[in-house]
Amino acid sequence: MANNLILLGLPGAGKGTQAEFIVKDYPTVHISTGDIFRANLANDTSLGKQAREYMDAGNLVPDEITNAMVADRLNQDDVQANGFMLDGYPRNEAQAEFLDHYLAENNSAVSATLYFEVSDSLLRERLLGRGRADDTPEVIDNRLEVNKAANLPLVDYYKRAGVLHTIDGGRELAEVYHDVKAVLDNL
């Protein structure tokens, strides 16, 4: 069975960087929720049209629409053959439960959840170092707090499920990836 991975961590924890390393060494499909949304919006799909209505009104897209977009992507041949690595989904426990049920219906499951743990001070330093105009200390602190509120229940959820692997993301890239490989090589 192909491995199905979830990457969790606060902004600046290194999820995207580690995902780039993982896809070079392991046959898995990196799926970013942002990419799924952009594809549905660009292709003007039924789900994309529904999502656009919420987004244009300045509202969050409901879980049902996000879940349906993710399910459509997970149903594609490349994912069926190689498994997936989700980045940016699930964002809450209801989405995690949907994903578990969806996978179970398709005789599959989450193989591992990699949680990249990094201190707040290092996250701030990394995010400020990106040089984005909107990355002020106040905006960054708010983003970290909002993301903590979403991430921590998911960390607990996957810990209870027995698939959580906490990785110290505050070290050199090669050291972090060494720990990632140790997890993936034992799946």
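Every residue gets a Cβ built from N, Cα and C, even glycine.
Note that this is a predicted model, so its numbers are computed, not measured.
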From the candidates Arg73, Arg171, give the one listed by Swiss-Prot for the same ATP site as Gly12, Ala13, Gly14, Lys15, Gly16, Thr17, Arg130. Arg171
How about long-range neighbours of the region 'LID' (129-135): same chain, 6 or more residues beyond its ends, C-beta under 8 Å? none
Using a Cβ cut-off under 8 Å, which residues of the same chain at least 6 positions beyond either end of the region 'NMP' (32-61) come close to it? 68-70, 72-73, 86-89, 91
Looking at the binding-site residues listed here (Asn59, Val61, Arg132), whose Cα lies nearest to that of Gly12 (ATP binding site)? Arg132
